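Per Swiss-Prot, the features are as follows:
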COMPBIAS  300-312  compositional bias 'Low complexity'
COMPBIAS  313-325  compositional bias 'Polar residues'
DISULFID  35-96  disulfide bond
DISULFID  43-89  disulfide bond
DISULFID  80-119  disulfide bond
DISULFID  108-147  disulfide bond
DISULFID  112-136  disulfide bond
DOMAIN    33-150  domain 'FZ'
DOMAIN    178-298  domain 'NTR'
CARBOHYD  49  N-linked glycosylation site
CARBOHYD  299  N-linked glycosylation site
REGION    299-325  region 'Disordered'
SIGNAL    1-32  signal peptide
C-alpha cells in the first residue's frame, strides 16, 4: 500500500464526507501510476506526498509545473497570506487519492479568496494583477462539492504534523527562510491597520509545528478587544505560517497588536501585526490613539446623522409654511 498523505492524513471535504486514510491501493481496474510522488520542492512541506498530472493548470509533467510555480517564490517570500503556499500547491501539485484518481481535487474557493485578498495588493503595487489562471470564481465552495482546504486536513490520530529537522517533509518551513518586515507602533500605523486586539503579554513558549508556528503568551493587560474573548491567562497566538512575524523571544514582555479569526475564536499574529517590547509609555500612547480612533468614529457617525437630519429639515419647514399659508 502506498499512501498519498503524510502521517495518516484524513481529508474532510464537503458536508460529512470523510475519505478514509488517503492511500493509493492496488485495485483491479485502477490505472497504473495514476498517482505519483510530489517532486515540486516548494510543495514538499505540505501534508500530502502524492499528486497527479496533468494538474489544474494543464501542466503535463511536474518538471513543467516546477518551472511555472517558481515565479511565485518572491510573492511567497513576502508572507502576504498564510494560505498562498497551500493554494498554489493544491493547484500545481494537487492531492491524489484512490477515491479521486479520475480528477484531481481542487482547492476550495475560500482558500483562493484568502490568498488573493492578502497578496493581490502586493501584485498591484508592482503593476501586476492576480493571474487569470488562478481565478477563484470557478473553484468549488466547501459545502457544495469536494474540495481541499487547510482546515479540512487532520491526522488520523488528531495530532499535528511535528516539525523535525531530520524529517525532509518539513523543508520550506525552516526559520532561515523567514524574513519579517518590521512594523513600527505609530499612530498612523494604528489608525491605518485597525487592529482587532491589543494586549500586554509575556511570551511563555514558541511552539513550532510543520509549516505552523504558535506563540503561547500570558496576557497581563487587555488594551483593546473585539469579537474574540481574551481571557487574562495563557492564550495562543496563531500564525498559520512557518514563520513567526513579528518575532518574539521567550520570557520577554511585549505590546502586541494583531487580528482575529472570529469563526474559530482565535487571536492571530500575522504579517502586519506589531510586537514591541513593553514600556509603560508605549502602553499609554496606544490608549490615547485608541481614544482618538473611537472619537473619530463617533464624529463620523454624528456627522452623517446630522447631514441626514439637515436634509429632512427643509421638507418640514416647507410643510409648516404651507400650513400657515
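Cβ coordinates are placed from backbone N, Cα and C, and glycine is handled just like the others.
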- Just checking the disulfide-bonded residues 35, 80, 89, 96, 108, 147: which sit within 10 A of residue 136 (disulfide bond), CA to CA? 108
- What DSSP gives for residue 108 (disulfide bond), in three states, is coil
- Query: Reported in the order helix, strand, coil, what are the DSSP residue counts of the domain 'NTR' (178-298)?
  - Reply: 26 helix, 47 strand, 48 coil
- When each of the disulfide-bonded residues 43, 80, 96, 108 is scored by other CB atoms within 10 A, the minimum falls on 80
- Query: What recorded positions in the list 49, 119, 147 lie within 10 angstroms of residue 96 (disulfide bond), counting C-alpha atoms?
  - Reply: 49
- Item | Distance, residue 112 (disulfide bond) to residue 147 (disulfide bond) (CA atoms, angstrom) | 11
- If you measure between the CA atoms of residue 49 (N-linked glycosylation site) and residue 35 (disulfide bond) and round to the nearest Å, you get 10
- Message: Restricting to the chain of residue 119 (disulfide bond) and a gap of 6 or more, list residues whose Cβ falls under 8 Å of its Cβ, or answer none.
- Response: 75, 78, 80, 81, 84, 130
- Task: Helix, strand, coil: count each for the residues of the domain 'FZ' (33-150), based on DSSP.
- Result: 52 helix, 7 strand, 59 coil
- Message: What's the number of neighbouring CB atoms sitting within 10 A of the CB on residue 35 (disulfide bond)?
- Response: 26
- Going along the chain, which residues six or more apart from residue 89 (disulfide bond) have their CB under 8 A from its CB? 40, 42, 43, 46, 69
